[in-house]
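Engineer: Just dropping this structure here.
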Amino acid sequence: MQWRALVLGLVLLRLGLHGVLWLVFGLGPSMGFYQRFPLSFGFQRLRGSDGLASARSGAAGQQGTPGGPSWLQPLVVGAAAGGPQAPRRPSPGVCGPAPWGYALGSWDCGPDEYEKRYSGAFPPQLRAQMRDLARGMFVFGYDNYMAHAFPQDELNPIHCRGRGPDRGDPSNLNINDVLGNYSLTLVDALDTLAIMGNSSEFQKAVKLVINTVSFDKDSTVQVFEATIRVLGSLLSAHRIITDSKQPFGDMTIKDYDNELLHMAHDLAVRLLPAFENTKTGIPYPRVNLKTGVPPDSNNETCTAGAGSLLVEFGILSRLLGDSTFEWVARRAVKALWNLRSNDTGLLGNVVNIQTGHWVGKQSGLGAGLDSFYEYLLKSYILFGEKEDLQMFNAAYQSIQNYLRRGREACNEGEGDPPLYVNVNMFSGQLMNTWIDSLQAFFPGLQVLIGDVEDAICLHAFYYAIWKRYGALPERYNWQLQAPDVLFYPLRPELVESTYLLYQATKNPFYLHVGMDILQSLEKYTKVKCGYATLHHVIDKSKEDRMESFFLSETCKYLYLLFDEENPIHKSGTRYMFTTEGHVLSVDKRLRESPWKEFFSEDEEQEQQGKFVHRPKSQELKVINSSSNCNRVPDERRYSLPLKSIYMRQIDQMVGLV
Ligand code: DMJ
């Protein structure tokens, strides 16, 4: 008897609660946002031309959210009935009644706290203060590395010690893929010193690298990591030293005899065995710098690792006049490209280099694929090879067709705000409900192709996650509104996108974002001798590791964000950043390639048949935005990058409010 009364009581209580919710907010039973959210991401985006729109409309009809409103529609009363006359609560952006104001913050007309916080001007003194804070962050990390870790690869910032390869445990890839016993952090930091105008330290550091760093080491490293962190940095510093204009101050080196270029060559030659004895042309993931590909080598590699070598290898080839490096890197890109799904045009994240079978069928923007897309575009920007742009455009189109979910417009309209999800490369079906922190680079890439509006939108999502934790968790589950993987190793991607979006829009919003990021880095990651990886973004416990990209990318982009007067923003030269943040001047001499004959006309034709062409104007945009930094902002269009109401939606989406 008693338990029946208890159950009845609970039922009545629940009904009463729903009644109150219904009366006050118009929320029906079981309408928690987190329950609807995954459902509402089941539909395809309706966008684009070329006949895809109708196909996607069909998909939307089938897979949409019948009876399950998109996440903006919890406000719709009786949405399940779907009646056009169903009474609606005012949509966000419309002045709301008092209860909304109390429930969700002031949504009434006039500036709310979001607008007040983000749309205000950013005073020049504050800007200078933030620039100095970013420089100080770099200097603190760099000086401590030099004092406590050099000539080892990395700094352990908590115990003020150096770190090299884990010789005791060769399977410790997290360490051994990156640390080659070649003073990694010093090498990776070279061009940041130049960009910050520190010529004496740049000159000292270059000499130190020339005199002390050797690649003749019994180290088994990942080809990708050695390429982007070491090869890319050597090439960037070499270009800075030999630049006749010297925009960053006097960065010349007395009696410089192209030593850094020779070192880059030496390293690349040691990486070449990765491209031998592979049936597909896709390289082995790792090589030993002394002995080549280890006998027990893994035949599986990730797409980004194998397919993002073309920028560094291409520059090396063009500077040396030796086609070998570009040829192997380009062959790998093409081999991967040819393995894309015929139906979706998507690539997976892990492939067998001998069989060409996809071991990882997940397609997304993050780990395993990120820089593959990035380097298709950046290779085109640097070298002007049309086929790189064609591949990029086709890849971008597939991304839009299959990865982008949510509504068409960023700031307004029915349905969920857009988000890029992880799908099966063959079916386009959702594979999981997380996004990773590496994906935060994508808005920056969108800036380069001129898709600024979408970039603004996506960036806001990552920023909201940052605000919630004061960092980006390695993986964030948008269904659970919680991190899936909790560490944050001081990654640069969000800062990179923030910087590029600021250059594209000149909106002070991005300076506020940068200040937020700077302050949380100072608060949560600064330790005795540097900046430490966050082990857990919630309890803020730390790991004793400062990855080299913190100095080469995170600090650099933060500094550049606030350094309006930087030569990169002022000089007539156009610059581009590698995936490791190394600056490269876009020089028309790099566009000369005397080795076209390596790719037969037939092969090119065959490739082109598969490409989806974007409109001409889009191609022009790429060329115009070949500088990351010199874009003329369209003040009218982007005077307010995000409606403050949108920021609030996104904050809710990640569980921030
Ligand atoms: C860096 O080494 C590069 O940015 C790379 O493209 C991705 N991973 C790290 C930073 O997160």
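Even glycines carry a Cβ here, placed using N, Cα and C.
As the structure is a computational prediction, the values presented were derived from the model and not from experiment.
In case it helps, TrEMBL gives these features for our protein:
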ACT_SITE  Glu225  active site, proton donor
ACT_SITE  Asp370  active site
ACT_SITE  Glu474  active site, proton donor
ACT_SITE  Glu493  active site
BINDING   Thr579  Ca(2+) binding site
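Context for these features, please: burial, neighbours, distances.
Structural biologist: Of all Cβ atoms in the shown protein chains, 20 besides its own fall within 10 Å of the Cβ of Glu225 (active site, proton donor).
Cβ neighbour count for Asp370 (active site): 25 (other Cβ atoms within 10 Å of its Cβ, all protein chains included). The secondary structure of Asp370 (active site), as reduced to three states from DSSP, is helical.
All chains included, 21 other C-beta atoms sit within 10 angstroms of the C-beta of Glu474 (active site, proton donor).
Under DSSP, Glu493 (active site) is assigned to a helix (H, G or I) in the three-state scheme.
Thr579 (Ca(2+) binding site) has a Cβ environment of 24 other Cβ atoms inside 10 Å.
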Engineer: State the Cα to Cα distance, in Å, between Glu225 (active site, proton donor) and Thr579 (Ca(2+) binding site), rounded to an integer.
Structural biologist: 11
Engineer: Measuring Cα to Cα, how far is Thr579 (Ca(2+) binding site) from Glu493 (active site) in Å?
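Structural biologist: Glu493 (active site) has its Cα 10 Å from the Cα of Thr579 (Ca(2+) binding site).
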Engineer: Counting every protein chain present, what is the number of Cβ atoms, excluding its own, within 10 Å of the Cβ of Glu493 (active site)?
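Structural biologist: Counting Cβ neighbours of Glu493 (active site) within 10 Å gives 24.
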Engineer: Between the Cα atoms of Asp370 (active site) and Glu493 (active site), what distance do you get, rounded to the nearest Å?
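Structural biologist: The Cα atom of Asp370 (active site) is 11 Å away from the Cα atom of Glu493 (active site).
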Engineer: Which recorded positions of Glu225, Glu474, Thr579 contact ligand 1 in the sense of C-beta under 6 Å?
Structural biologist: Thr579
Engineer: Return only the integer: C-alpha distance in Å from Glu474 (active site, proton donor) to Glu493 (active site).
Structural biologist: 11
